[in-house]
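Notes follow once the structure below has been shown.
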Amino acid sequence: MSKSLQAIRGMNDILPEQTPLWRYFESTVARLLDNYGYKQIRMPIVEFTELFKRSIGEVTDIVEKEMYTFEDRNGDSLTLRPEGTAACVRAVLEHGITGGGQTQKLWYIGPMFRHERPQKGRYRQFHQIGCEVFNLDGPDIDAELIVLTWRLWGQLGIRDAVKLELNSLGTSESRGRYREALVEYLSAHLDKLDEDSQRRLKTNPLRVLDTKNADTQAVLVDAPKMADYLDDESRTHFEGLKARLDAAGIPYVINPKLVRGLDYYSKTVFEWVTDKLGAQGTVCAGGRYDGLVEQMGGKPTTGVGFAMGIERLILLLETLEQIPEEISRQVDVYLCAFGEAAELAGLALSEQLRDQLPSLRLQVNAGAGSFKSQFKKADKSGALYALILGDDELAQQVVSVKPLRGQGEQQSIAFDALAAHLATCIVQG
Ligand code: ATP
Ligand code: MG
């Protein structure tokens, strides 16, 4: 017997019952980003593997073990994008749209791919919405990115469930000096570090800071602190950011251990975390990457951005039951027609209604059926009203408008008065 066909583990279908919430989320974010003056960019899902190695860093979790990499038919090594920043930087460089110091405030949305262990809030295909800003180097824009996410949490009704964690990794010079001090300290306690941390000490020592191992964490208590190594430039930038968050009334906690998984960050790093989703608590994360564009072959161009995980935010909306009522109803009216003549008249009438009321959500019964079966379908559709068209109605050129949610009596409405009638009784969401 052949094995039934299945989706790849960790890659999910988003079913019709779930898509209204996704679309609500996506349109809320898109509107917000429009309002703040961000422009959408769309990059391919597949890029040359080299792009991610060069930008994300060879010794990060993503590049070492999470990428979906394969050979193209002509022998090129390609990778399904694990994140959006690298491709966005590639795109702005390729098209010269950050040249001559041009500012760009961009956003993107789409699927990302990482070969991780699937669990709640962690998938192999997941979706992000991200923002990237180029050629603005002050803390004002770091603050704007945080402020707009804060506004988003407010609009979504999840503000009380998320907390902002903030850190500064300094300029590459100050981070270099800190890295040396950290390596020196950790090397003196090598035997107390877990295996992963011992390895990272050689390859990517800052990552030791976000270890989950209790023994290593104990060693870290007395380790040198990044804050003591910040140069004046980084310190001023960080103070500037904090002052703006204070001015905007956004609470935050400084987390000196926040280093982020990707190599390219400098100065500001931040995460929005929730304790409502278990272990996968980071719903949005980002930071500044002033050296990345140059590292990828461009002229010095500063950058700052973030990405939010859509699945985790959807889970949070569901967990907190912050699902707006209007999205649960997809149909306003359901047209039932009995007999061929009524069906033909019903088609003409419904197209006329769509002309007159462009936002009316009108579902026309398909597949004929008895009174009972059509009413059942009308009810199941969630519609507020059933429009009934049978021989009697047709003879009188009226439609019977039957309330399905207990809002009053059935009424007979003339064809030419129907649009006006529906406009008064259906409040558009
Ligand atoms: P984590 O520490 O949870 O692995 P990360 O640091 O790898 O996250 P980023 O690369 O910063 O995550 O991606 C930004 C956001 O994308 C994360 O905060 C999270 O919300 C989401 N995200 C990342 N990886 C996954 C995944 N495998 N499944 C679902 N969402 C994810
Ligand atoms: Mg990760």
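Any Cβ shown, glycine's included, is placed from N, Cα and C.
Between the candidates Arg73, Arg114, Arg117, TrEMBL assigns the L-histidine site shared with Glu83, Gly84, Thr85, Gln128, Glu132, Arg260, Tyr264, Tyr265 to Arg114.
Taking the Cβ of Arg260 (L-histidine binding site) as reference, residues of its chain lying under 8 Å away and at least six apart in sequence are, in sequence order, Leu169, Val269, Glu271, Ala285, Gly287.
Taking each Cβ in turn and tallying the other Cβ atoms within 10 Å, the top scorer among the binding-site residues Thr85, Gln128 is Thr85.
Checked against ligand 1, the binding-site residues Thr85, Gln128, Tyr265 give Gln128 as the ones with a Cβ under 6 Å from it, listed in sequence order.
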